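I have placed the structure first, in the form of structure tokens, so that the comments after it can refer back to it.
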Amino acid sequence: MPLSLDGLKSRITKQMGNCNSSSELSKRNHRIDVEIEKSKREEENSIKLLLLGAAESGKSTVLKQMKIIHDNGFSETELFQRRTMVYSTIIFSFDALMKIVDALNHQFTRKDFIDLADEVHRMANSKDPINSLSDVFFHTMQEMWHDKFVQYAYQRRDEFYLPDSTKYFMESLERINIKDYTPTEQDILHTRVSTMGVIEVNFQIKNKLWRVFDVGGQRSQRKKWIHCFDDAKAIIYVVALSEYDQVLMEDGATNRMQESLQLFSQVVNNKYFTDTNVILFLNKKDLFEEKIMKDRSLRMAFTSYTGPDHNYKAAVEYIQNRFFLANQVPNKQIYCHHTCATDTTQVRFILDSVLDTILSSKLKGCGLY
């Protein structure tokens, strides 16, 4: 029968007698005991929270909000260092917009427009960091943004892929084009950087150490989730409501909402999460409402939807119920919030409620929309 750690230490001590080596062993064992006890206390005082969801759902934005709200935000140095993220998002977004222009068979006649579109495409496909952009670059991009056909292409964005923050940054070009530009917190919230693998960020919130894991949402990243499953206290699963009429970049065919629903089903019914609290964030509600009030029917994602068109409340309730029905675990309740992750005031209110309920382990569906 194997000895316990205490039994093993006792036997070794007796065998060693009262010599100096025994004294050294005793000190070493004491240090081990202290470390074990310290780790145990830290584990008891920490809460593991997983941020899960499909790509571009907004979960990384939720993580940024946690830092802003509960970890003193970003320092001036941190903001300044994130300029490259802003520049990269501008390039990526504008390149996506130019692809829509191409798809609509429009050709620019101005040489500077043609040259800029080519340069943006080259930069978007380069792995080199973008540390600065020239005045000419900014001015020409501003002119192109206000071009009649580019605006027409932007109005057709629902038919193509275009990052949500495109308009935000296009309308901020003049503000960003200054010497020693330092991003604002809103700029950082609107940046788009794909989460690769698993990112752990620790926060001290409500006298507890929160170990928050942001997990890559692309299909290729999901196999890495298994490493985060053990001992998770809660999951925040983020869904982009506004993507009900879009397809995956990975295959160009699968409906994004259906993909998110299927992934949610895998998560909520996973054996690792049987006793884990699950909070559903139906995110990007502002963009969803804008779309649903136009002629972008929810039937593009759910052919079985029989509710009224141009009706935000009916549409969002239908989506919420579809996610609730995906849960096949008896007596497991899903708690849902309708969110706009870039709205710090709203997210602060919801996060405070969510963190309190996770701490109490008595989640209540309080319907904070």
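Indices start at 1 and increase along the chain as displayed.
From the backbone N, Cα and C atoms, a Cβ is placed for every residue, glycine too.
Now, the feature entries from TrEMBL:
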- 56-61, 164-165, 189-195, 214-218, 283-286, ALA341: GTP binding site (BINDING)
- SER60, THR195: Mg(2+) binding site (BINDING)
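Overlay of TrEMBL feature records on the structure.
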{"residue": "LEU189", "record": "GTP binding site", "contacts (Cβ under 8 Å, 6+ apart)": "THR61, LYS64, GLN65, ILE68, ALA341, THR342, THR344"}
{"residue": "VAL193", "record": "GTP binding site", "contacts (Cβ under 8 Å, 6+ apart)": "SER60, MET85, SER88, THR89"}
{"residue": "ASN283", "record": "GTP binding site", "contacts (Cβ under 8 Å, 6+ apart)": "SER57, GLY58, VAL62, VAL238, VAL239, ALA240, LEU241, THR339, CYS340, ALA341"}
